[in-house]
């Protein structure tokens, strides 16, 4: 099977984007893993699939597959690339679209300055809906990680995040703790592990160990979850600029019950065609 694709990135968080509207696409988890392999495939953190909408009130369906082949609910950096892709490919003339994901509706918009703003929806804080096993609704929760107790905030941005505040994000044990937190039994759907350093009231630094992908250069939903965390803990105020290893995102959130707005770049790198067997 020959497959046309486009390679894109949002702050170095890179994607293989596939149009499943104008070509037939039915990938197995093993095929996704091969495409995502940086030595034997194209290479990416996630593979994004553009499909026709299944309901009349949205423009497209957006599916996300991690590099390990598993399908996940949401990807913020990918959402920015998604709207740029469908616009550049002539699949829509709209600059603002409504997109269905496994976790609900998002609304990305191409801005005049070339950046993309995405309404990421209202963050979920109730532990059972994250999902996170806890008998408390406290914002800060203790979590045993390899015999050490760390303080985390559990947030879902359509996908689950465990965010901890650290003094120095460069020295944070992202690889060691991130792998343990990702598969912690209190997160039955696994989780993305965020490590955030507060610089001042409107700036934070962030690293994220992503579920199914490991540490990436940037994580859009992770940035949203981190901003929700520091605002809830009264360590920062909206809007917040988030520094990642791949670049910066601007996040605005006015508090519980309100949607999170994320603004950042989306870049097309190259397009190609690959044989998938």
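Heads up, the Cβ atoms here are built off N, Cα and C, so glycines get one too.
On a predicted model such as this, the values are computed, not experimentally measured, just so you know.
As recorded in Swiss-Prot:
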type: ACT_SITE; residues: 75; note: active site, proton donor
type: ACT_SITE; residues: 219; note: active site, proton acceptor
type: BINDING; residues: 13, 46, 66, 76, 77, 159, 192, 210, 211, 220, 221; note: substrate binding site
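A count of other CB atoms within 10 A of each Cβ picks out 77 as the most crowded of the recorded positions 75, 77, 192, 211, 221.
Residue with the densest Cβ environment among the binding-site residues 13, 66: 13, by other Cβ atoms within 10 Å. A Cα-Cα distance of 7 Å separates residue 13 (substrate binding site) from the residue listed as 'active site, proton acceptor'. In the shown protein chains, 34 other C-beta atoms lie within 10 A of the C-beta of residue 219 (active site, proton acceptor). You'll find the Cα of residue 221 (substrate binding site) roughly 6 Å from the Cα of residue 75 (active site, proton donor).
Taken residue by residue with DSSP, residue 192 (substrate binding site) is part of a strand. Restricting the recorded positions 192, 211, 219 to those with a CA within 10 Å of the CA of the residue listed as 'active site, proton donor' leaves 219, listed by sequence position. Comparing residue 77 (substrate binding site) with residue 219 (active site, proton acceptor), their Cα atoms are 6 Å apart once rounded.
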